[in-house]
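J.: Please read through the structure below; I'll follow up with questions.
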């Protein structure tokens, strides 16, 4: 007869009318009983003959393709001009006095962040934008391009201008300026002619610098003043002779994809005085001088015909405008859906490429990408805005994978010990937190995103046209991409983007200037950065609490008025460092804080309501007596595991599920096991914070017997049959708890100390978890354990009771930094009337 739920509860001693613990509990350690119960609950036999269930409610297998939904109305979020101040360490020191070694080290990690992959695999540009939405190819292409353009404009990306140079917008950092003579200068190869490289020229020359500045630049160069200099610096807009007249002026010569046909004449693009011994036109097109507003340079009309058709359509704008988009202007319409109808809508489509305000030399950057991008909803609650997903998973795969640094995340108990208090809470929202942290330009060649341009993208995805790799002179090839779908999409997009359609239809390669989200290094760096800032804030306001996990920052203070003034001070401090906060998203929580999926109040911690609802839904949809795919079980265990510490039996209750996942077997829920779990998760108990105290109760065991020391009382007992030592120690701890009711127990067994009961026999683990819930353990060396003698059957010998103080842990999260004395020359910080006379320390 299968085991009923009531009987099972009784077996686990979850009901009050159980017999004496010393008799009942050791029985649960019996292997035979555990096997019989497992068989009764149908836990151990995978029914292979029934097909597996692959979906339970919203849970599908871990690798299932849950298709993201494309939204043609997505708004691209705006990115404020995020610029973290470079002298962040000095600013923090002005705020709080000398920084601790820990804080300084963490802030140095992100100014600038560095990234050293072992191997970087370069992918063709076609893979730049992932064809995630086959129904909305063109729309997705333009939305993604617009998103990337927005990021570039906000100073978050570099734009590759040529193999060795990149441009960007926003304020430059010092390491972006001394790249010329820093270690990053890659010696130009022989075919590039080393002589022309000018070491004195600064890495950045803003576009606004005109004439005189350039002349002085040239005088400094070791080539000396050249005859071309006057002619170049003083030429009016649109100067360089006959070639210039026929082209669209673009302020810089080299664009996204470098022409593969360039010979030895194109010398390192950004050194300001390079190639002065060459023709004026070519110098204007290639050297940095062309950034000045005095004369905008053109593409390389001279070598137009050596380019393969797709590598650099973008910049060859000579007598035949070989820009794919503009070529439609002179062609005959092939049908009513021909693209030339769109191109002829306006005369001025703007430049083929835009260039940043600053330009730097970079290590060699191929015309490739290293990761693909696509768009998804910003989050489940906000489907109007899009979010860019960057896939740099190549760095986490294979045997060349980068092992990302590990960092401490507080566990549930540490978090409760720290934050469970009677403070008022408020949480800050850092907008685009990852994009605050600058990356060293040397990392740019490893983190490239981009696209091959609209023509390639459409050609690759449409079945009827082929990518033509030979010369594409004929108009027929040009019109290969015309189709009704493309025409309709572009007409609709024209309303949104206007003449930007032209700009976005060109190939582009962008590298990250701030840390991207798709790299395992980023969470680590963000955690280091915010925890260092919180440490500084905690030392500046010792009677308050500031704590962060990634971009989630919470502030706590004794009263609401106090909290508001703290909020004002901290906000101003963070703004002065260049951090961007989102004031609309500041949440005031009162006395119960919502953080990391938990609700934390003075009573302890519970999971947030939406997680409780998810669990209820999961049990409603859970099928009985049907084998469930182990990948779906992973999802179920992930959800239940989060709330397990709040249940009676905790993680041990989920052990059968874990075992199945490890064996990659399907799992079948019997009605009793499902009812048991459901009951467990319907009544959640808060995890309370641990209190410091003195340990008065000690437990010890040998394989054959147990002993307790409760105050001056000693007790002992024997087991019916010898047990493994860990099991015996666990039983002794349970007896100590049930006999004395003490919340602090001394033990010399490390497994019991760890409070992880999943390695014990299943039934015993479940029962012990409930008996020992809320108990704290203190380690006592065996030699000093007063319960050692009773456990060996000797009651006559009394060891003196130890004075064992217990201090709850707050984990390795460097939460509380003791403030160093403030040097005398700093003005005394003015304290508002604090509700506390003494500095408050975390509990």
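Backbone N, Cα and C define each Cβ position, glycine as well.
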J.: 551, 552 show up in Swiss-Prot as binding Mg(2+); which entry in 429, 700 does that record put in the same site?
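T.: For the Mg(2+) site that includes 551, 552, Swiss-Prot also lists 429.
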J.: Can you check which of 219-258, 739-778 Swiss-Prot lists as region 'Disordered'?
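T.: It is 219-258 that Swiss-Prot describes as region 'Disordered'.
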J.: Measure from the Cβ of residue 429 (Mg(2+) binding site) and count the other Cβ atoms within 10 Å, all protein chains considered.
T.: 16
J.: Check the DSSP secondary structure of residue 551 (Mg(2+) binding site), expressed as helix, strand or coil.
T.: coil
J.: Counting only residues 6+ apart in the same chain, whose Cβ is under 8 Å from the Cβ of residue 551 (Mg(2+) binding site)?
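T.: Result: 429, 430, 433, 434, 526, 530.
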